[in-house]
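The structure under discussion appears below in the form of structure tokens.
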Amino acid sequence: MDEEHEKAIQRNFTSLVERTDLDSMVTVLYEKGVFSEQMIERYQNPNKSSRDRKRQLYRDITRRGPRAFGHLVDSLSELGHWDIVRELDPNSPFATFPKPSSSSMPKRETNPQSSKDSQYVSLSNEKNKTKEMQKSAVPVAATAPVDLDNAAAKMPVIPEFKVIKSTRFMDHDGKSDLELYHTRSRDRGVLMVLSYINFQNNIEQIRAGVDVDCATLKHLFLEIGFEVISYPDLTKEQTLNTLSSLEVVLEKAECVFLVVSSHGYERYGTSDIDIRCSDGQLISFLEIMTYFSNKSLPKLIGIPKVLIFQTCRGSNEEYVLSSEPTVSQLLMPGGGVQRDGSARARGPPPPPPRPSAAPRLLETPLYSDILIAHSTPPGQVSYRDGGCGSWYIQVLCEVFAERVHNTHVDKLFTLVDMRMREKFRRQTSSVERWGFNKRLYLHPGLYE
């Protein structure tokens, strides 16, 4: 199996284990000739849990030859796991359709003899025929060679936690002036993750630990009931294409979460920052925000949008005078603490901002229903552990898992900041509200 395909399986290992049915996957992979009848006996061992058997299944697939990845993608497509297909293989013909209808599913073969490698045509192997057509519409993740001699050992270590589920819907109690956002349907929400780990031409250091952040976030939001879409290592052009297609991807969602994780650089004299894409080009925070305006997303007016930025916003560091051990002495043995940026991006500082135009009276404000959470205040660095992930994302996932069942999102971010200060001492988070004037409860596990 190609290294890039092994890496894709690693990156989506949690989704594969948590969201697929073992018997269905074993059956369809057997039909396609990926495993023999003798080999599938190990996945029917009643002495092991279903979860452990699925973990073994997806590890074994990486050792089943160059065609195994294509068969895996096609099997997931036939079983309706479109979101996992999109994350595993952005070039798949199914990746262009965020929510395909069941009528578009290919029929599953029922004759095992017709699915031998010599006869079976993988959809992934056909991707070159549609590559040019999809290039402008589908972001393609940049990949970098990694050591995959022991694929199982390279899987991100995800903390063992479970999200406490809600037992009742939170209603307006009449005591608060704030109304509640509606979050009761099965289209509860979508989490989009834009993560930048590897950078072309070594223009930046590899952001070790971000794979752990991504896997942990995915586990958290799947438990809450969200659809999770990950876009790793996009170029600037691919990032802009992805942001341009938001309305299609986010259709029908009751709320939206976006996580952007990369190196960040302060823009002197402004509240803006530059964020590094995988090709080395920069995209600004405020440019990203334009894609979430009511002008860009008119169908999402009134829908809560929570944007989380795990980046540095400058080079200043916070220190606490204390006789207790320093932060570096308290870190987990995961690979050392790092920063997600430096004082500024390469090149001259940007020109001073232009004066704002005279205010215009609008029927609907340009921005509303947006909560922005930064891992650090303006001008400050943001810390990340090379083995355990960023401090902010670690704590965010802990707090959400424990309190999301009965706590609104605004308060959750306050609790995240409190715990991060208690746990790491050195870093403070920051929250902005752009017309986010209602309370947002996510109600994990409850549906009307």
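Positions of Cβ are set from backbone N, Cα and C atoms, glycine also.
Model, not experiment: these values are computed from the prediction.
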Ranges 157-185, 331-359: which does TrEMBL label region 'Disordered'?
-> 331-359
Which residue counts does DSSP give the domain 'CARD' (1-78) for helix, strand and coil?
-> 55 helix, 0 strand, 23 coil
How big is the Cα-to-Cα gap, in Å, between C312 (active site) and H263 (active site)?
-> 6
Based on Cβ atoms within 10 Å, give me the single least packed residue among the active-site residues H263, C312.
-> H263
